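*Asks:* Quick one: the structure is below, questions incoming.
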Amino acid sequence: MIISGLSTALCPLAASFGVSFLIISRILQGIGFASCMPLIGSVTSTWAKLTENGLFSGALTSFIQLGPVITMPMSGFLCSTSLGWPSVFYVHATITLIFLVIWWILYRDQPGDAHWISASELKLITDGKSDNKVKRSEDKLPIREIFQTSSVWAIWIAAIGNMYSIQMVVVFAPTYISQVLGLPIVSVGLTAALPTLLQFAIKMLAGTASDKITSLRETTKVRLFNTIAFVGMGIFLIALAYTPANRTIVALIFLISSTTILGFNTGGFFKSCTLVGRQYSYFVNAVVQVVMCIAMLTVPFIVTTLTPNGLSEEWYHVFILHAAFLFITNVIFCKLGKGTAAAFTSSNGISTENTTGEQLKPVFL
């Protein structure tokens, strides 16, 4: 957050020295952003009860939805004031550093280090996890075992379908709404923001529902929720692909629904990250972030290549392609994905993936 905040504040100054300096500043922003997903995995595995992983995953990954919805209107307002475009960077840098101070004051690496956590609360948080506080420096990352675990690969493959599809909608929904559906530019911003807001609501509901459902095994739940998210979005994208451009309302319903239903991913592969990776979920999430960054870089090339003229017929191929991504990656996740701790999380190398009843076994034995 320090790197992100300072590099953001320096963007206007860097721009005054030329494009090269601005690019360097933006790279530094990216370095700061790189810690997001690993941190989410670490916080969830440390602070969430094993029965509340869905809720934590939904809340902590909601920055993907809430960030653009908050910053885009605020940036537009700041640009229209006498402060000009540099104020956008200064305000965002200030907000980032304020949140850094709050985080620094309130956050503790371990629940046992927080004096406001009672003994009963600590027991609830740590139940089913390690009874021993293993120092991170002594806890060697079993990277070979991680890469040999099929359930981890299922998470990463599911992330490909998720990240490519959501990036396509988040980045290019305004373009589609404006160019193909012909909505006035004034309406585009609100219409494009609505799907991500609704997805945030679904993420929270789905995460909570996934935790509350006790009649299904965890592996069954993560596969079910992931299927609802991926197949649901894929179906709506196919419907959107076949919707004529003059059916504006119908097209908007399909577009909004496709993004909204993806919020069920909170109970799917996102939840599987912490259930499978446990104390190493920070690394599993780090690779998910790599997938997200690759998607951010490559999706614009894919979409612009397929839609050189911005025609409805060209967008058909975009929607069908991303629907195929979702279907294929979900099939793989449903085949290999798990909702229980992998063997590499246990000191004796025994996986809990095949236990009946999905008991919440200790990570270290």
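Every residue gets a Cβ built from N, Cα and C, even glycine.
Keep in mind that this is a model prediction, so the values were computed, not measured.
So TrEMBL says this about it:
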DOMAIN    1-341  domain 'Major facilitator superfamily (MFS) profile'
TRANSMEM  28-48  transmembrane segment
TRANSMEM  55-77  transmembrane segment
TRANSMEM  89-107  transmembrane segment
TRANSMEM  153-177  transmembrane segment
TRANSMEM  183-202  transmembrane segment
TRANSMEM  223-243  transmembrane segment
TRANSMEM  249-270  transmembrane segment
TRANSMEM  282-303  transmembrane segment
TRANSMEM  315-333  transmembrane segment
*Asks:* Could you pull out which residues elsewhere in the chain have a CB under 8 Å from any CB of the transmembrane segment (223-243), counting only those six or more residues past its ends?
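*Replies:* Distant contacts of the transmembrane segment (223-243): 158, 161-162, 165, 206, 210, 216, 250-251, 254-255, 257-259, 261-269, 271-272, 315-316, 319-320, 322-324, 326-327, 329-330, 333-334, 337, 339.
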*Asks:* For the transmembrane segment (315-333), give me same-chain residues lying six or more residues beyond its boundaries with a C-beta closer than 8 angstroms to one of its C-beta atoms, as numbers and ranges.
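*Replies:* For the transmembrane segment (315-333), the far contacts come to 154-155, 157-158, 160-162, 164-165, 168, 172, 176, 180, 223, 226-227, 230-231, 233-235, 237-238, 240-242, 268-269, 272, 302-303, 306-307.
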*Asks:* Should anything in the same chain at least six residues away from the transmembrane segment (153-177) have a Cβ under 8 Å from its Cβ atoms, list it; otherwise answer none.
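*Replies:* Answer is 64, 68, 183, 187-189, 191-192, 195-196, 226, 229-230, 233, 237, 252, 255, 258-259, 262, 265, 268-269, 272-273, 276, 284, 287-288, 291-292, 294-296, 298-300, 302-303, 310, 315, 318, 322, 325-326, 328-330, 332-333, 335-338.
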*Asks:* When you look at the transmembrane segment (249-270) alongside the transmembrane segment (55-77), do they share 3+ Cβ pairs under 8 Å, ignoring any pair fewer than 6 residues apart in sequence?
*Replies:* yes
